[in-house]
Amino acid sequence: MKLLNQSQVSEFILLGLTSSQDVEFLLFALFSVIYVVTVLGNLLIIVTVFNTPNLNTPMYFLLGNLSFVDMTLASFATPKVILNLLKKQKVISFAGCFTQIFLLHLLGGVEMVLLVSMAFDRYVAICKPLHYMTIMNKKVCVLLVVTSWLLGLLHSGFQIPFAVNLPFCGPNVVDSIFCDLPLVTKLACIDIYFVQVVIVANSGIISLSCFIILLISYSLILITIKNHSPTGQSKARSTLTAHITVVILFFGPCIFIYIWPFGNHSVDKFLAVFYTIITPILNPIIYTLRNKEMKISMKKLWRAFVNSREDT
């Protein structure tokens, strides 16, 4: 990504979550543990899905890709956030700031489309079970994943040029733990109304639209499973509950931040922490604790690993 901006500002100062060094030390310990667990948890899901023949299904293929996105989403800024907690002055370069913004919206866009793809997968599995393997074949699954990355790239690449070429000639303090469009663009020296419209139209409306589509899809699925057997209903509802929980946890903060991106919301930076640091660790917990197949496969994989170590 080429940065063409010739502003006087060469770096941004991040205020972080608190000015208390004691609290920052506690956050350093907490975020470090969360980050390590997030990476290991999502990595465990990926390894389990792609090394277990029983999980060679469209749903788990998409879940494995979602775990990769979550692991990457947790890594685009969190390591620097953790290191900054040990510093008095939290500084990020101009290029580094907009790289964070680009990656945030790229990965956020990919996750949105993946969640819609997972909803489509559940719709076909429950509403059209006889045609499931025909519709959700390997080519379709790969196409859904590739499409999610292309749309994520389009989503991020569309709005970045408008922001990166704004003139930043003075204020450079960002009231957050990392860079994001609403907080950075409001520091520009010119009227940013057009950029505000672009952000609301691109990030806000897309987030809200995807969320509504997902709610409608899962509502239709819940209506359909009423006609299933009690056993089928229980399994389907358990899976759907996990999916819906992830959708709400991810889209809730995004909609709040980007539908009203330039309001003075003191909670914005805490919401940013939630969907970039907390949500990626909740996804593997939600999907594994409510999924017997995943838990059984993880135990088998662990036993195989332990046995292989004992043999050597």
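From the backbone N, Cα and C atoms, a Cβ is placed for every residue, glycine too.
Relative to the membrane, G16 and V81 are recorded by Swiss-Prot on the same side. Of the candidates N227, N264, Swiss-Prot records N-linked glycosylation site for N264; the remaining residues carry no such annotation there, which does not rule it out for them. The listed stretches are 58-79, 101-120, 140-158; of these, 101-120 has the most Cβ pairs under 8 Å to the transmembrane segment (236-258). Here the transmembrane segment (196-219) does not touch the transmembrane segment (58-79). Their Cβ atoms form fewer than 3 pairs under 8 Å, with each pair 6 or more residues apart. On the 0 to 100 pLDDT scale, the topological domain 'Cytoplasmic' (121-139) averages 91 in this prediction. Non-local contacts of C189 (disulfide bond) by the CB criterion (under 8 A, 6+ apart in sequence, same chain) comprise L166, P167, F168, C169, G170.
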